[in-house]
Amino acid sequence: MMQTLLFFFYKWCLNGECVAAGYQPQRVNGGWASWSEWSDCSRTCGAGVQSAQRDCDNPVPKHRGKYCLGERRRYKICNTTPCLHDLPTFRDIQCSHFNNKPYKGKFYKWEAVINRGQQIKLSSGCEGDTVTDGTPCYEGNKSRDICVNGICKNLGCDFVIDSSAVEDRCGVCHGNGSTCTTVRRTFEETEGLGYVDIGLIPERAWNIRIEEMAEAGNFLALRSDNPNKYFLNGGWTIQWNGEYKAAGTVFTYERTGHLENLTSPGPTMEPLWIQETNPGVRYEYTISRDVSEGNDIPVSVFVWKYGSWTECSVTCGT
């Protein structure tokens, strides 16, 4: 009994162990281990994300020691080459993964629907699923912000997360606006009926604006170099106000009464034709000084060319 009492008075429990009474082990503050290797890039084009992490186990904090301060995970941008503009968006591709999963016993073709309040989630059947790192926060290219670990992060033109770097009016990152020029044209001629080419927006054009100066009974249309490929109001179909993909960028189409205007931040990835039949259409864009404007409608040029000789009309004489 005496031995038991002595043990009781001279020992106490500390972290599950019986130690001498009054013993206080030295605190051990945590330390960061080395960073892991960078993960694979989340995208093959269009600005993906890589991550690396480290653990607070060198050493592990003990005996009320302090935990490590600083970042446990870090991110960087990779594969910044633009994707082909005629491919589905990265968000649409993610939503399409649900196509082979039944919903209430049926299969559907899922498409992304952008909700400004929940831009980090897939919507229209994919809601609740966080998008892959590198997914643009918003459709179109007015914003470069991307989703990183479920949070919308600002991405500068230098492709650094949380960077404040922006392009100048010429589209040059950290530029001073001296490498480009703004082209302004007004179509004032009276043409025929139907779809009439009135101007050409060249490839690599920025800050595009097209507007009617007076109300007209016709509608602006946009087409590619292929005369059968329309981006807006083609095939005798009139479209509503909204955002429309064209030539690798996004145009905002607004129609108030009988007045229309189109705007886009650019850049265009291919030439883009403006069509209208009414005079009084003004358009402008910004283009690099080393790029040919190419906005004039080419004039047809005809030349004579000799063909092969025909068979002789008679077998003898002349």
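Quick reminder: no glycine exception, Cβ is built from N, Cα and C everywhere.
Among the features that TrEMBL reports, signal peptide is placed at 1-20.
Here TrEMBL flags Cys41-Cys78 (among others) as disulfide bond. Less than 8 angstroms from the CB of Cys41 (disulfide bond) sit Gly48, Val49, Gln50, Cys78, Asn79, Gly134, each of them six or more residues away in the same chain. Classification of Cys41 (disulfide bond) by DSSP places it in coil, neither helical nor stranded.
Residues or ranges marked as disulfide bond by TrEMBL: Cys45-Cys83 (among others). Cβ environment of Cys45 (disulfide bond): Asn79, Thr81, Pro82, Cys83, Leu84 lie under 8 Å away, each six or more residues apart in the same chain.
Long-range Cβ contacts of Cys56 (disulfide bond) within its own chain (separation 6+, distance under 8 Å): Gly30, Gly31, Trp32, Ala33, Tyr67, Cys68, Arg72. Summarising the annotation, TrEMBL assigns disulfide bond to Cys56-Cys68 (among others).
Summarising the annotation, TrEMBL assigns domain 'ADAMTS/ADAMTS-like cysteine-rich' to 127-180. Counting residues of the domain 'ADAMTS/ADAMTS-like cysteine-rich' (127-180) by DSSP class, helix then strand then coil, yields 0 helix, 13 strand, 41 coil.
The domain 'ADAMTS/ADAMTS-like Spacer 1' annotation in TrEMBL covers 183-287.
Look at Cys78 (disulfide bond): DSSP puts it in a strand.
Cys78 (disulfide bond): 18 other CB atoms within 10 A of its CB, across all protein chains. Using DSSP to sort the residues of the domain 'ADAMTS/ADAMTS-like Spacer 1' (183-287) gives these counts of helix, strand and coil: 0 helix, 53 strand, 52 coil.
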